[in-house]
Structure formats: C-alpha cells, structure tokens
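Visitor: The structure follows.
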Amino acid sequence: MGLDKKSHHDENDGLNEPYRKYIVGKLLFLTVCTILLILLFLYSISRGPSTVSLIDAVHILFGNSTVNAYNILWNIRIPRALTAIVAGVGLSVAGVALQSILRNPLGSPYTLGISNAAAFGAAFSVIVIGTGSMHSSGTDAVVVNQIYVTTFAAFIGAMIATFILLLIAKYKSATPEVMILVGVALGSLFTAGTMFLQYFADDVQLAAVVFWTFGDVGRASWNDLI
C-alpha cells in the first residue's frame with residue numbers, strides 16, 4: 001500500500017512538472033514585460049523638445065515640484081504616456097478575450113473584422129452625418145469636434161460586425177476556423193465600404209477619417225484619462 005501511494009505521488013509530480021515550468025515561464029515573461037514597460041514609460045516622458053533626465057523624471061513622478069519641466073511632464077507627457085498604456089491594455093484584453101472564446105490564437109478584433117467595422121462606423125459618422133469635422137485653430141492645429149458621437153457610431157459599427165459573427169456561430173454552427181474566415185471577409189467588406197465613403201468626402205472629411213482611424217494620444221489630458 002505504501003509503495004502504491006509513493007508511486008502515485010511520484011507520477012503526479014511528473015505530470016505537474018511541465019505545468020510548473022509553464023507557470024514559471026509565464027511569471028518570468030510578465031516580470032520582464034513589466035520592467036520594460038516602466039523603463040519605456042520613463043524614457044517616453046523624458047524625451048521631447050525639452051529633454052529631461054531620467055533621474056529628474058523619477059523625482060517628478062514622486063511629487064518633487066521644484067524640478068525644472070515639472071509642468072511639462074505632469075500636465076502634458078505623463079497623461080499621454082498613461083493614455084497609451086491604457087489603450088494598449090484595452091487592446092490586449094480584447095485580443096485575449098476573443099482568442100479564449102474562439103480557442104484560436106488568430107482571433108483578434110482585426111482578423112474578425114470588428115476593427116474594420118468600427119472604422120466604417122466612424123467614417124459614416126464623419127462623412128454622412130457630419131460629425132467629427134476638423135478645422136484649423138489659431139495655432140493651425142487640427143481639432144476634432146463631437147468625438148463622442150463619432151465614438152458611438154464606431155461602437156455601433158463594431159457591434160454590427162459582432163452581431164453578424166454571433167448569428168453565424170449560432171445558426172450555422174461555425175467552427176473557430178470558419179469564424180476567422182468570416183471575420184476576414186467582413187473586414188474586407190467594411191474596408192471597401194469605408195473606401196467608398198471616402199470617395200465622396202471632401203479634403204477636410206477625408207483628413208478627419210484618416211486622423212480618426214490612425215488614432216492619436218497627442219492631445220490626451222488628465223480629464224480624458226479619468
């Protein structure tokens with residue numbers, strides 16, 4: 001009896017060893033990525049027209065308001081960097097969720113056509129409805145108006161693509177591989193629709209669509225981040 005228990009315990013240890021290595025590898029990868037994120041964040045906020053040393057950047061992060069360029073970092077660069085991090089986290093979580101649901105590493109908002117549908121919704125809002133127009137300010141900067149309406153239109157476009165995918169999955173019993181192929185087809189369809197709308201747009205509307213599609217964190221502030 002004792003030998004049987006010992007052999008069973010040794011067998012479980014043998015089975016758990018690959019899993020332990022897998023977990024250790026994941027933790028090591030996350031640790032390295034976290035360190036790189038911190039270093040890149042510090043590098044990002046210290047570089048610009050007014051260069052700040054990494055030491056001064058760290059002091060500013062800890063509230064030392066006597067350091068030169070405190071207002072530049074705390075009111076301009078740090079909100080931009082944090083907004084980029086939040087956007088990256090959101091995109092990665094969306095990708096992980098889709099990959100887990102489809103059980104396919106190719107699953108993402110891009111391969112499923114959801115991002116293309118969102119771009120089509122934004123283009124429809126800018127060109128057809130007339131939101132998100134751009135105009136030159138006194139400093140010749142470009143300003144996007146009615147961003148919430150354009151964002152809502154992009155969300156509706158993404159939901160339409162998601163609804164189509166769910167209908168196909170429910171009534172056609174599509175496999176994850178078929179869902180990816182359908183998503184690629186939807187992406188091409190919505191991209192063609194966006195190009196069709198751009199054909200009838202004027203130069204200002206076309207610039208607004210391109211600006212919105214590319215995305216920008218250059219004007220991010222603490223109010224936008226919160």
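Backbone N, Cα and C atoms are what each Cβ position is placed from, and that goes for glycine too.
Caution: TrEMBL annotation is automatic and unverified by curators.
Pasting the relevant annotations from TrEMBL:
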type	residues	note
TRANSMEM	27-45	transmembrane segment
TRANSMEM	81-102	transmembrane segment
TRANSMEM	114-135	transmembrane segment
TRANSMEM	147-168	transmembrane segment
TRANSMEM	180-201	transmembrane segment
Visitor: If you count Cβ pairs under 8 Å, which stretch among 27-45, 81-102, 114-135, 147-168 touches the transmembrane segment (180-201) the most?
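Guide: If we count Cβ pairs closer than 8 Å to the transmembrane segment (180-201), 114-135 scores highest.
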Visitor: Hey, which bits of the same chain come close to the transmembrane segment (27-45), Cβ under 8 Å, at least six residues off its ends?
Guide: 52, 54, 57-58, 73, 77-78, 80-81, 84-85
